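Structure first, then comments.
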């Protein structure tokens, strides 16, 4: 492709430069607007500078990629809601045998989960749990955070849905899910094992230090307190008392004593006693007057009234006790019936929750099977996402709000910006200079091509690198053979993904792990740029080099 007019080249380079600065350094002091706004600004400048017409700018947006990205994000949201990642976290802690065992588990779990649910999602949901687990066992967080970030990047290279650049490659190349997985799985498997071995060798002494039991117990108390706070009012931990305790019994008696029926009985007893007192007074008066007959009559009446009072008091007392015990039995029966109703309702809710989780897992497995069968990846992911929305049978807004729409907008602006930069002719001129020495039919050509991809992925980010070089690398390889064209796409996917492990700024997964670890309450840890670089450089070079020998086209 010939170079465009000098004015268009200069203006297009300015627009792309602004996009690149804001994409790599989203919080620059002179324009701290972030990556998403930076991509839109670059796209708008491409149109305003007339580097690309408005109609072609719309055509530059790749809707199948956006559809696939949206569908996988929605599925990931429902998987998180169904506690999939919670179970993965429990798998990490289950019967762990020390720091080295935990490190290997993190490498395995993060690699597999990132291949199926994208590396960014894996890092978001597992970082905090891994950090708490390391602190609880008094282990240094750095090895485990590096294991999570690096293994997530390596594992995500295995499938088209593992990371954004693989989505772009799968859609643009037309490689099926099955062939993509078969071509990169050996490299991912050996690369993941090699990365774990490098981590073990690098941190062997650090992970062999004896644990400080006092510190570990203190951290354990904090974790336990945190968990108790989170689950204090969970229905699973609530229990109902079948019988009344002593305080409840006393309060119930007081309540019944204040009831209207018992108040009436006590009033009746008081009136009887007042009548008896009045009779005694009359008897004394009569005796003073000396009327013996009235004394005898009053005495007999007094005895009769006293006997009646005693009988009535016994009747009232017995009725009061019987009413109290019958009321207590009613309360106990009410508590039992309430407990049975709550238990029945709780069991129904638990059954519904389990059925819903099973449906989420079945829909996800169905999506993966459909992708392996070669169905359209974008519409398969969207269909699975909408099936989960319908199965949820609730307002979908809370779940859809968790989708990263800023990432989708970033992709739209990036598509337009990169397409405008391609129209300047600069990428084509640079590729024409490098292409004779970067052909994939020779070891030296593969080495040079890999170095170019690795450097550009860390300088311009991996997705723009794929957009800039993908078509050109594939066209060059197609001149050799169709199988070599497919192999060229797979090499691009492998190197651009593993290149993210080189530095902390190499991939979004690294930045997610760093930011998540820095913000965790009680267990915050700052993963430094140099700390990552000391491990990232040797790991990236070795894993990339070994994997290149295993990338095959089928």
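Every residue gets a Cβ built from N, Cα and C, even glycine.
For 7-27, 33-51, 63-82, 181-204, 358-391, 442-460, 489-513, 533-551, the entry in TrEMBL reads transmembrane segment. Annotation source TrEMBL lists domain 'Citrate transporter-like' at 27-499.
The stretches the transmembrane segment (489-513) and the transmembrane segment (181-204) are in mutual contact, each linked to the other by at least three Cβ pairs under 8 Å (pairs 6 or more apart in sequence). For the transmembrane segment (533-551), the most Cβ-contacting stretch among 7-27, 33-51, 181-204, 358-391 is 181-204 (pairs under 8 Å). Sequence-distant contacts of the transmembrane segment (358-391) (same chain, at least 6 residues past either end, Cβ-Cβ under 8 Å): 63-65, 67-68, 70-72, 74-75, 78-79, 81-82, 84, 116, 160-161, 170-171, 176-178, 181, 399-400. Note on the domain 'Citrate transporter-like' (27-499): mean pLDDT across this stretch is 77.
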